[in-house]
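Some features that TrEMBL has for this protein:
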type     : residues  : note
DOMAIN   : B:98-289  : domain 'ABC transmembrane type-1'
TRANSMEM : B:37-57   : transmembrane segment
TRANSMEM : B:100-122 : transmembrane segment
TRANSMEM : B:134-154 : transmembrane segment
TRANSMEM : B:211-232 : transmembrane segment
TRANSMEM : B:267-292 : transmembrane segment
């Protein structure tokens, strides 16, 4: 093995990974690498979805039988045939992959409807909730984080960092319950559940929009409050890294106002690592959506996942896992591609 | 001391003196961090309560059938924090709930950090295919929504404490792996690793005797931080109904509060104690971990 000389190589080369190695990498090659990596990840999601549900010890057939108390031999055979479990594993896998590529995610046990259809109905509601929360959290986190770093050690810094840390330690679902008790039950300001008033509202599309926003407010604020902390911390620490940079001294020496130095010079440089983290932690936002949607009965993918637990509805659970994981991977892929055009360092590297 | 018969300057004695000195230095730097000390003090109190609670609070208080209080009564008299939907004392439930949170939180964090450390060290030590595959897998798990994966795992396996520990542990390791990999890469460029290789040290020797001790401080700080998020995951899974129904847990309490209509009835005394308990314990671990990190992580030390 030729491992020994390898250990004496400068760490920097391995450290930067793919990014540093391909000096003068062309855009096409960069995109090909990223897209290839994304494709592998998506394939891994599909494989994971298959093996989690077919090869695990507590396999679906057994727990369905346990749930019914007893089952005749014919019934077991019928269930196995329904899920094609009487065939060899690799035929099952080929069938499963074929179905997946055609967009067929099986039939839900609970709803007796195609899983893909159920997910399609709920998908945009989750996007609305997580998208709103994410935008609010990013805006709040970047704003507070950059100000905290700019005056680090100040009272503002200590308070905003402290508040963020406390909120970060709060379980999302508990904050949701508290909001529900205070603002919906106690003050009666917001609806307790759902996305629209049952029976609809009169007054045209604008009234309907207001109605949805009214229902959206509490769940979105709950999610924002929990997730903005990480953006604040990342923005703060990456701006702290830039604080003593020479270009800031130059900017100040030119006589620029302090706010301008921060906004035009320091923040754009500190923004890039922050954006990476935002996309990298997208899975966390999706995880938060599961509990928030449960607390506020928001009919999205998270609630669908929750509803699948109790039955347990394996095809539905498998479908939501695959769709949520794939969505996160695609978002990350987009971030990588956009990065290429935004960050000059990546472009020339 | 019992080691008096061995000479003062034997290699072992020298090593121990050095370790004691290093430990003293870490403690002094840690003690200078006020929020870290606060976290540590809170942790000591919580752990003491959780460990000793069976000694001074009878298990009977958890029994639904032998509950003595009124149903969903606000704080009064013997029930300082009110009662739950079955007439049990919320205070007693909250105190007992600390046990499962600590148990699951610490075990899951250790499992997750162990996996992360091994994967991180291996992916940095070996080059070529091994590293590429390990990094690919790490990146894959890093972006996945961990909670959804944990939900699937706990639905597939038998219900119980072990399943929850496993579900949290195997879904939360990638960030540790990243951290340990970066640290291992820096360490492996140092001359003493090259020397160990030159003297004929194999992979196992270099990894276990030289790399592991060097990454261990960082891993320790990371574990402390990981316990906090593991406790949040535990309460979340319990809230979603995936916990062990036979034990009292904070997440389980909040689930019954929502399911039995205590939330819509405005029974704040049933909601606040378990929630504040979670926040306190997670905050304590986070403050401790961040203080340890500042002391032990060479990259943060300059600041």
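Here the Cβ of each residue, glycine as well, is placed from N, Cα and C on the backbone.
Heads up, TrEMBL stuff is auto-annotated, nobody curated it.
Within the chain carrying the transmembrane segment (B:211-232), a Cβ under 8 angstroms from the stretch's Cβ atoms is held by residues 101-102, 104-106, 108-110, 112-113, 116-117, 120-121, 125, 168-169, 172, 176, 179-180, 183-184, 187-188, 193, 278, 281-283, 285-286, 288-290, 292-293, 295-297, all 6 or more beyond its ends. Long-range contacts of the transmembrane segment (B:134-154) within its own chain (CB-CB distance under 8 A, at least 6 residues past either end) are made by residues 119-120, 122-123, 163-164, 166-168, 170-175, 177-178, 181, 233, 236-237, 240, 242. Non-local neighbours of the transmembrane segment (B:37-57) in the same chain are 30-31, 92, 95-96, 98-99, 102, 280-281, 283-288, 291; each lies 6+ residues outside the stretch with a CB under 8 Å from one of its CB atoms.
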